[in-house]
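First comes the structure, then the notes that go with it.
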Amino acid sequence: MHNKFYRGRFAVAPMLDWTTRHCRYFHRQFSQQALLYTEMITAPAILHAKYDLLEYDPAEQPVALQLGGSDPTQLANCAKLVQARGYTEINLNVGCPSDRVQNGMFGACLMANADLVADCIKAMQDVVDIPVTIKHRIGIDTLDSYAFLCDFIDKIQPYSQDFIVHARKAWLSGLSPKENREIPPLDYERVYQLKRDFPQLNISINGGIKTIDEIKQHLTKVDGVMVGREAYQNPALLGEIDQQLFDQNQPLITARIAVENMLPYIEQQLSKGVYLNHIVRHMLGAFQNCKGARQWRRHLSENACKQGAGIEVVEQALRFVTE
């Protein structure tokens with residue numbers, strides 16, 4: 001079926017240590033339409049890794065890869081590899097404020113150098129056919145005026161039409177990455193204003209969004225919505241996405257259905273030597289607000305890490321839950 005909607009109408013945000021390939025496979029059980037993102041992977045890591053950092057299951061599609069870096073040549077070389085592996089999109093991280101990221105000269109600190117960001121985006125888009133997008137903040141430190149944000153967008157828009165805007169500024173020192181996701185106030189109106197002032201661009205909004213109703217409200221003002229922590233901690237939210245946001249005529253995907261659909265994948269991964277805990281740690285929030293959710297989490301947490309833990313751990317945990 002032809003999808004009449006913008007491809008980024010709803011996306012699950014890239015989250016370091018969280019949106020692994022196992023997490024994405026689980027999220028895909030809830031929604032066929034949501035755009036899923038990898039964790040951020042740095043360009044040098046991809047180019048010099050001794051093992052395959054680009055591995056994913058085709059069932060995860062559509063899936064986008066988020067890159068970290070600031071060397072246009074390195075990023076272009078990575079982009080070619082990413083496209084060859086079949087990813088739907090490449091996203092440049094210009095939003096992460098951690099010290100480790102800044103020391104590598106990528107993430108939110110790049111907002112202070114829009115010309116370099118433009119060079120990076122252009123270098124990648126010149127060598128691939130898939131979209132190259134950018135995820136960024138509304139400002140950094142004292143560079144937080146609306147004029148600064150517009151100038152940043154204006155320099156990059158010749159090379160990318162897709163901007164994912166975390167509706168908070170970032171402090172590059174003094175706040176941890178976690179604090180930078182919570183302390184700077186959200187300014188959704190500033191993102192809405194960007195869409196009004198740059199109507200030709202695809203503008204997606206990110207930050208603090210938790211419910212289907214909130215998502216729908218944002219979609220009256222911008223092209224796409226990206227949800228991070230809520231999608232991870234309460235993945236059952238994703239079970240409503242196709243029906244509510246994409247007019248798909250299908251029943252609600254419950255957490256139990258999604259977990260049961262995961263069982264063959266879990267068995268397959270266990271047969272390849274993957275530890276059970278590496279998969280089910282992303283499933284702990286599946287039954288949030290359901291009777292038995294605490295027992296579900298406890299049983300998985302206490303047993304999935306044991307030597308030889310298998311599919312029976314998940315099957316036993318399911319018996320505790322009533323939706």
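Positions of Cβ are set from backbone N, Cα and C atoms, glycine also.
Since this is a predicted model, take the numbers as computed values, not measurements.
Contacts of Cys96 (active site, proton donor) defined by a Cβ separation under 8 A and a same-chain sequence distance of 6+ are given as Leu16, Met40, Gly68, Phe106, Gly107, Ala108, Pro177, in order along the sequence. The annotation active site, proton donor is assigned in Swiss-Prot to Cys96.
Residues annotated as FMN binding site in Swiss-Prot: Pro14, Met15, Leu16, Gln66, Lys135, His166, Asn206, Gly207, Gly208, Gly228, Arg229. Using a 10 Å Cβ-Cβ cutoff, Asn206 (FMN binding site) registers 23 neighbours.
Residues or ranges marked as site 'Interacts with tRNA' by Swiss-Prot: Asn93 (among others). Other Cβ atoms within 10 Å of the Cβ of Asn93 (site 'Interacts with tRNA'), summed over all protein chains shown, number 22.
The DSSP secondary structure for Lys178 (site 'Interacts with tRNA') is helix. Feature annotation from Swiss-Prot assigns site 'Interacts with tRNA' to Lys178 (among others); the stated evidence is sequence analysis.
Taking a C-beta cut-off of under 8 Å and a sequence gap of six or more, Arg181 (site 'Interacts with tRNA') has these contacts in its own chain: Arg168, Gly207, Arg229. The site 'Interacts with tRNA' annotation in Swiss-Prot covers Arg181 (among others).
The site 'Interacts with tRNA' annotation in Swiss-Prot covers Arg294 (among others). The secondary structure of Arg294 (site 'Interacts with tRNA'), as reduced to three states from DSSP, is helical. For Arg294 (site 'Interacts with tRNA'), the Cβ neighbour count at a 10 Å cut-off comes to 12, with all displayed protein chains included.
Around Arg297 (site 'Interacts with tRNA'), taking its Cβ as the centre, 18 other Cβ atoms fall within 10 Å, counting all chains. The site 'Interacts with tRNA' annotation in Swiss-Prot covers Arg297 (among others).
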Could you tell me which of these recorded positions, Lys178, Gly208, has the greatest number of Cβ atoms within 10 Å of its own Cβ? Gly208
Which binding-site residues from the set Lys135, Asn206, Gly208 come within 10 angstroms of Asn93 (site 'Interacts with tRNA'), judged by C-alpha positions? Lys135
On a count of neighbouring CB atoms within 10 A, which of the binding-site residues Lys135, Arg229 is highest? Lys135
